[in-house]
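In what follows, a structure is listed as structure tokens, so that the remarks can point back to it.
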Amino acid sequence: MASEPTTVTITGGGGQIGYALMFRIAAGDMLGPDRPVRLRLLEIPQGMRAAEGAALELQDCAFPLLTDVDVTDDPLTAFNGTRIAMLVGARPRTAGMERGDLLAANAGIFGPQGNAIGAVADDSVRVVVVGNPANTNALIAAASASPDIPSERFTALTRLDHNRAVGQLAEALDVAAGDIADVVIWGNHSATQFPDVAHAILPDATSVLEALAERLGGEAAAAAWLDDVFIPRVAKRGAEIIEVRGSSSVASAANAAIDHVRDEQHGTRRGMTSAAVVSRGEYGVPEGLVCSFPVTSRGVGSHGGGYEVVEGLDLDARARARVAASVDELVAERDAVRALGVL
Ligand code: NAD
Ligand code: LMR
């Protein structure tokens, strides 16, 4: 076992996703069985008791990899020396709140947190934003940490959308989820996202499009299923979960955040996955936006620098239009935040 623990900070440590995350991280599901972990839970004063209670339960699990747990409402303490920051706590949208109000409220959270990460986090820090609106919150945090931390260290979670797309395809094709590779989520973690299966394959390299056509009775039927069922189902799955469960996704969101960090740290295993990363202009997406792309990782360390966008995929005109619509929404969110004087 490596001797020096990795400091992982979870914001919103008293909330639902925080609770679903911390036990799996402490059990080694994210960083592996050889890396001891020090957990730091950041909360606002109202959430401190819930986070403290979770810390008591962590102690009662006696996880061999967990060296210590700190609960704090001070961002400078929470991010001190952190190597992995999972920004989960956010201001939820409440009745009567306009989109601009939501962006402003979250800018008031992710700006100071980005600032604190820039000031006190470990030089190697990697940040994943889960709290919504995740892409734009990541943009704000990255800008606020600059120039201390390079902006490409900030990512936002679209792995949940990716996993949802894989789950839907597995059901439609009656195959195991692990058989499906190279699905791509493009754009924003919102209903405008584009879940793209044009490059997806099965283990024998059969294209998912061909398999769908065979199962559904031809190419036209497959195309109709993708447009009318699959894309809206994946893009609106968050709302479906809220309607059926009565509150937003928790365990699946935590699972996706663990997948995201594990693959960034240790490398992607089979083909591409999806993550929202800072655009360098790939596929015509304006530079600086935090946009979901096809990505791979060779891990973090001497051999690699985390997620890299897979370039050169062919997008037909319809796919380009769908990507553009989601990117337009990201531009509008960025402009709204700029208008607030935050960026
Ligand atoms: P929750 O309300 O149960 O927990 C959020 C916690 O964050 C609360 O305990 C709250 O006190 C805390 N918090 C608020 N402001 C904070 C701050 N400034 N610093 C530290 N903590 C703060 O919510 P949840 O179910 O855990 O969801 C958290 C976020 O994740 C929401 O924004 C939700 O919309 C989002 N989400 C994202 C995805 C995704 O795929 N990107 C999926 C599901 C949920
Ligand atoms: C999800 O995709 O489940 C969430 O982002 C939905 C939400 O609004 O919290």
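Keep in mind that glycine also has a Cβ here, set from the backbone N, Cα and C atoms.
Any TrEMBL annotation is an automated prediction that lacks curation.
Take the substrate site that TrEMBL assigns to R99, N132, R164: the candidate from R93, R153 listed for it is R93. NAD(+) binding, as stated in TrEMBL, involves G12, G13, G14, G15, Q16, I17, G18, Q113, V130, G131, N132; the candidate among N106, N163 given for that site is N106. The Cβ of Q16 (NAD(+) binding site) has 17 other Cβ atoms within 10 Å, all protein chains considered.
The maximum pairwise C-alpha distance among R93, R99, N132, R164, the residues recorded as binding substrate, is 25 Å. Using DSSP to sort the residues of the domain 'Lactate/malate dehydrogenase N-terminal' (7-144) gives these counts of helix, strand and coil: 65 helix, 26 strand, 47 coil. Spacing of N132 (substrate binding site) relative to G14 (NAD(+) binding site) is 17 Å (Cα to Cα, whole number). DSSP assigns H189 (active site, proton acceptor) to coil in the three-state reduction, placing it in neither a helix nor a strand.
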